[in-house]
Amino acid sequence: MLWLALCLVCLVVVPLARADGRLPNDTIPLHYDLHLEATGLGVNDFTYRGNVSIRIAIVSDTNLVVLHSVGNTLGPITIRRCRDGVEIPHQLLETEAASELLRIRTDRVLRRSDDQVIQLTIAFNNTLGEDRMGFYRTQYRGPKRVPMVVATTHFQPSYARFAFPCFDEPMFKSTFQVTIISNASHLVASNAPIKTVTWLPNDHKAVLFERTPPMQTYLVSFLIANFTSVHALSPSGVRVGILAPPKDQKKLQFSLQAATTLLTRLEQYTGQRLGIAKLDHAAIPRFGNAMENWGLVAYDEQFLVLSPKAHRLQLSQAIITIAHETAHQLFGNLVGPAWWSYLWLSEGFATYFEILLGSELYPELLPLEESFAVRHMRPALLADAFEAHALTVEPLPADTVQIENLFDTITYSKAGCILRMINCSIGETAFKSGVQIYLEKYRNGIVTPGDLYSSFPEVIEGPTVEQIFRSWTDKPGYPVVMVERLNGSFVRLRQQRHQQETTTRDIDSRWHIPITYYTNSSAGKFEYRPAFWMEESEQELVVRLEMDWEDVLIVNPRQIGFYRVEYDERGWNTIVDMLSSLPSVVQAKLVDDAFVLARIGLVGYEICLGMLQKLAAHPDPVPWLIAMAEENVGFLQRVLQSEEFDRFVTGFVGEMFELAGNFTQSLFQSQALERAFDWWDRLVTPTAGSEQKKAGTTGDIRTPACPLLTVDKIVEGLISQDDLVRDRLFSRLKCQPTHQHEPLLLALERIKETKLLTLSKLLTVLESLIRFNPGHFLHTAVQFLFTVSTDEIGSEGQCFRHLLTVVVHEVTDRNQAAEVRKLIVKNAAVLPENFLAHANTVMTSTISWRMRQVPKLRAFVSDSRMASYYGKPEEHISTEGGWVI
């Protein structure tokens, strides 16, 4: 009865007002006994049988029990009162074919006072699919390349219902006891440790697992495979395991050591034990990314299977991923969000701790400030500049597509950055105390953002912790802080929302902004902790800072605050003059702010070009990576179309090759070297091709490493859940001549027609493709969108509008603009009334800017002698044998 009491307490904090599609809360699950039999994997029989018995509390009088079930063929269903075993007559109600609800009506009203707890038992059959939803199958190549089947699960966000009937919403936490019957030779794992193994006839076995802690259905997991394992014992007594195909057994030591040390450090920081006796990390073939199932975490193989000679980039990505999923064992599993509206409570903390723990234990792989800046701060600022969503999304219906759309850069990276900002604003001691109180107070429970906010001690000065949090979590976007120096010590600060080209201009949103700054006179006192707050009520503020007139002034130098900074002309010029003497993370911040603000007309591109010259004189991988991003130098290179600028950029790229001799000493040098190769392909290969064409040859010039891709290969890459696989595909596609993009167009159409991806996911892939290289892929993306009917787009109007906003922002010539206008007119019914007018304004403005400013920028490039900075690139290029030497 203790667990029943806990559940009833949890219900008190769940809002009564529910979005459409949510389960009623008249009944709540207390415990599941789940029995599965999957014994045909060795003979390609992918059917399985199941039986689930759920103890359910009657919270209010009702004659309906409503839960979820998708794709399960149901057998006998019984309902009994737990206190005496009396069977309760019932009938299964018919539902619409598309419904995911299982509705059972009892012949009499179930009374809270009399019935209290009932037992619902359902037999069912199902088949292991191949689409990474529910209980599904994948495979790896065993000895002699024989396919070896792996049966595993992926339930987040709403796919447990695909595997067995259940109350498949995060509001409900229940204990689970799982029994799996399999072939005797298979390794079988689930969330909890094995309790007993019973050997059965026909070379089968029944594995009974211990009861789990209370957890949500999306965290339930099981695995049946010909796997091996290695184990270690953490100082707190948790048995940590790595599960993988036998062929990989010798490549698991790095991930085992990392998983053990990261868990230990997490428990030390939070003061909380894991809550389970074992924590397995399973290398699942073609899983794509990772999933934090409590006690049985699933990963794509690349994150766990690492040879002793693995590249630094592979090792750092493994550390980040293992740290992220380990953090989830407390943030998300031990304490879980009450609804998907609060997903950031889980993903934000996991993102924050992936860098915090990783940088502390592996500083050579993940330097703290640089990792936050490159991996999370910059992507989050870019994503949040468009019309996005707040971190807390309310109301949010029980619609899987809308829920899945929240698994994005905002929910992960922005939330992680906001938590880091709170940490630096209130101090490490107060932040750690709040985290520990939060985990202890709501252990094994469900939470809303208010529960987190109330866990932190209040600060003495400035806004309250809750006010700070709500300022950044309850609305989308972020501010630009404009800095105007008035005299030697006084500055005027103004805040306004930063937006790229959007359908509506937001002039009202304001934030509680922590102001950190650096001057020559302040001696670093205010680089991390706020010197003062610019509050939500203050659009403008005049303050006195510790500085002299000759000092440089840099606001938010260490990228603590989630905002950009604009300076007056004198401020920017002073910054450019001393840029190369600043720490690399400060350089990166200034370069990114300048380029992004220049693109919307707040800063002159002359400032950006001046910064590039300073970076060229003192190259550093971190600001170089930021400068050479597609949105920064990439955009400028596309619109300038200047041989002189290309010559400078080619030399700038060459700086990273100069540093290549020591690249294994630095993660960011490794990343910079990879990006340098991409830029080399862009800048040098086309030149070689044009020279050969001038000589009279025909056909396209391609490097031997970049053959034309088949439609099948493109489809395989586009539908991959693995970001690295998709990025590699984009890189290969970028090598293809733009007029040979028909295979890409055919691949997109095939994915749409065969529904290999939902339309919302396909639109997200298109956005990634455009952002990867707008100049190369924009036309193909627009062509494809013409093939999608307005009726198909209708249900994805918001996602389509977001994609079109990105497209409109990337248009740089009249032909592109004409095509985009036609696309907008074609889909006017699912777009806001003023979308076309606004898009016309944006595109016309961009084209006008290009016609007006590009000649001036070309002249600036020529006058500043940027073109001659590195000399002629031809002197350093050889394409002998198809290789760059």
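Including glycine, each Cβ sits where the backbone N, Cα and C put it.
Curation does not apply to TrEMBL; its annotations are automatic.
Annotated features, as they stand in TrEMBL:
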- Glu325: active site, proton acceptor (ACT_SITE)
- His324, His328, Glu347: Zn(2+) binding site (BINDING)
- 29-219: domain 'Aminopeptidase N-like N-terminal' (DOMAIN)
- 254-472: domain 'Peptidase M1 membrane alanine aminopeptidase' (DOMAIN)
- 553-677: domain 'ERAP1-like C-terminal' (DOMAIN)
- 1-19: signal peptide (SIGNAL)
- Tyr412: site 'Transition state stabilizer' (SITE)
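Counting only same-chain residues at least 6 apart in sequence, those with a Cβ under 8 Å from the Cβ of His328 (Zn(2+) binding site) are Glu292, Val297, Ser346, Ala350. In this structure the C-alpha atoms belonging to Tyr412 (site 'Transition state stabilizer') and Glu347 (Zn(2+) binding site) are separated by 5 Å.
The local packing around Glu325 (active site, proton acceptor), expressed as other Cβ atoms within 10 Å of its Cβ over all shown chains, amounts to 26. In sequence order, Ala290, Glu292, Ala350, Thr351, Phe353, Glu354 make up the list of same-chain residues 6 or more apart from His324 (Zn(2+) binding site) whose Cβ falls under 8 Å from its Cβ. In the domain 'ERAP1-like C-terminal' (553-677), the DSSP tally of helix, strand and coil residues is 94 helix, 7 strand, 24 coil. Taking Cβ-Cβ distances under 8 Å and a sequence gap of 6 or more within the same chain, the neighbours of Glu347 (Zn(2+) binding site) are Gly332, Phe407, Thr411, Tyr412, Ala415. Cβ proximity to the Zn(2+) site centre (mean Cβ of His324, His328, Glu347, cutoff 8 Å) flags the following additional same-chain residues: Glu292, Glu325, Ala327, Phe331, Gly332, Ser346, Phe349, Ala350, Thr351, Glu354, Tyr412. When pLDDT values are averaged over the domain 'ERAP1-like C-terminal' (553-677), the model yields 90.
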